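J.: Annotation source TrEMBL lists active site at E252. Among the features that TrEMBL reports, domain 'Aldehyde dehydrogenase' is placed at 18-481.
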Amino acid sequence: MTATLQTKKLRNFIDGDWVEVEASTAVINPATGEEIVQVPLSSSENVHQAVYAAKQAQKEWALVPAPQRAEVLYRVGYLMKERKERLSQLLTMENGKVIEEARGEVQEGIDMAFYMAGEGRRLFGQTTPAELKDKFAMSQRCPVGVVGIITPWNFPIAIATWKSFPAIVAGNAVIWKPATETPIMAYELASIFEEAGLPKGIMNVVFGTGSTVGDAMVHHEDIRIISFTGSNDTGRNIAAECGKQLKKVSLEMGGKNAVIVMEDADVDLAVEGILWSAFGTSGQRCTACSRVIVHEDVKSTLEERLLAEMEKLTIGNGLDERNKIGPIINQKGVEKIKSYIQIGKDEGAKLLAGGYEWKDDSHQDGIFFAPTLFTDANSSMRIAQEEIFGPVVSLIPVESFEEAIKVNNGVTFGLSSSIFTKDVNRVFQAQRDLDTGIVYVNAGTTGAEIHLPFGGTKGTGNGHRDSGVQALDVFTEWKAVYVDYSGKLQRAQIDVD
Ligand code: NAP
């Protein structure tokens, strides 16, 4: 039986209460065009209420020993595990990704819960020798206070867990603004936090648009960090505003990720990797492969095999287990993809497959796009430089390994890259020279594991990382502590003999 929501309209979760907001808009299932639920369009006043509650609650929470804070995350993990199928189905309904991928995304959240719960007994600082006699020195992590989390629609639950779980175990309180397109995961996760016994005011969910709710968070003086994942334009504006306030900001933004296929690659394996990373989530992943940099010796073989496998990809509602390609999030997304198909053609790339909006008799009201393959692209084309965020991949032929690395690095983004080769020397050269935050060898560009740092170089971010132990650096301040037990005043750098 398919999961259903008990309510027709979601409510904000503020200070442990479910708060109704009058204005709302519809959440649409992109595979069917049907309304699933109404989501509140909150005001900046709702943000102020949430921040006020969070600020009070955080003072107490910071005093709870971290291993006890972690107990809540363990319970959250178990509840998510119990509800994995329900969460996955609702995720597919609001976002469109096929159910297998939705289950993977929910699992990522479960993994993050247990991993970060473990951090409750680590949160390591350092003890280090002091330079003076009878003096003790150490560093420790401290919570920052109230943190603001702004998330996109393409990973409605995983990204929120990458951010909120480390924030909470570290002793912060959270204001979370999910994307208006995909609010259901936030609603479900807030309910899970409530059931898990998280004290009131530590997790607050405020639904609404970026321009109102997001903007109010960015400008609120009591929110000490903004952790944002989304597009480059929005991220840059947020960073500029946070810069003026000297507010910490962590940005995870777009990608233009490439798979390199060398002449000695296992081409069948490369085809599998490309299909999964280019067309999974209909290409709407920040790590999606949208360029294939192929050695000219294997170009025609790769094209042939890719085309043969692309024909087998079934498109349709993601709740049907047989489908491999789900919908595009909304009409605006499709229009953007269509504009890039035209750009690619005008630039002289050769369209080998797809390039059109897809519909069939049972999917008249959904929004789908056929898997698309361009070939004979070159690195300077816009289709090889800009994020398309759809199931569109462009083959760029190269003559050498060195050229492949240069083409990979010749974009403004630096999120993920991959190389297929059997040459161990090239493997090590590639992992050294590929200028991206994530590198895969003999696998596609997607598939991050939560205990490793996630993020990118150059225009993808601003040097922070989501997930992994590195996420704790975003949500903590370092404090250096010196304890002098000599009984006299000892001056550092001066009384040292
Ligand atoms: P987006 O339009 O930038 O939106 C992201 C979030 O920011 C949404 O919650 C949005 O709210 C909010 N927002 C919009 N304007 C805002 C403002 N002025 N102030 C504060 N918040 C604001 O991005 P998207 O289209 O949803 O997501 C796709 C992008 O995310 C792609 O570029 C993708 O590569 C990137 N992404 C990156 C990663 C990564 O880890 N590097 C992971 C996933 C996705 P509303 O939409 O509700 O208005």
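Cβ coordinates are placed from backbone N, Cα and C, and glycine is handled just like the others.
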J.: In this predicted model, what is the average pLDDT of the domain 'Aldehyde dehydrogenase' (18-481)?
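T.: The average pLDDT of the model in the domain 'Aldehyde dehydrogenase' (18-481) works out to 98.
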J.: Once near-sequence residues are set aside, which residues in the chain of E252 (active site), 6 or more away, have Cβ atoms under 8 Å from its Cβ?
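T.: For E252 (active site), the qualifying residues are I159, F228, T229, G235, C286, F454, G455, G456, T460, G461, H464, D466.
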J.: So, in DSSP terms, is E252 (active site) helix, strand, or coil?
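T.: Where E252 (active site) sits, the three-state DSSP reduction gives strand.
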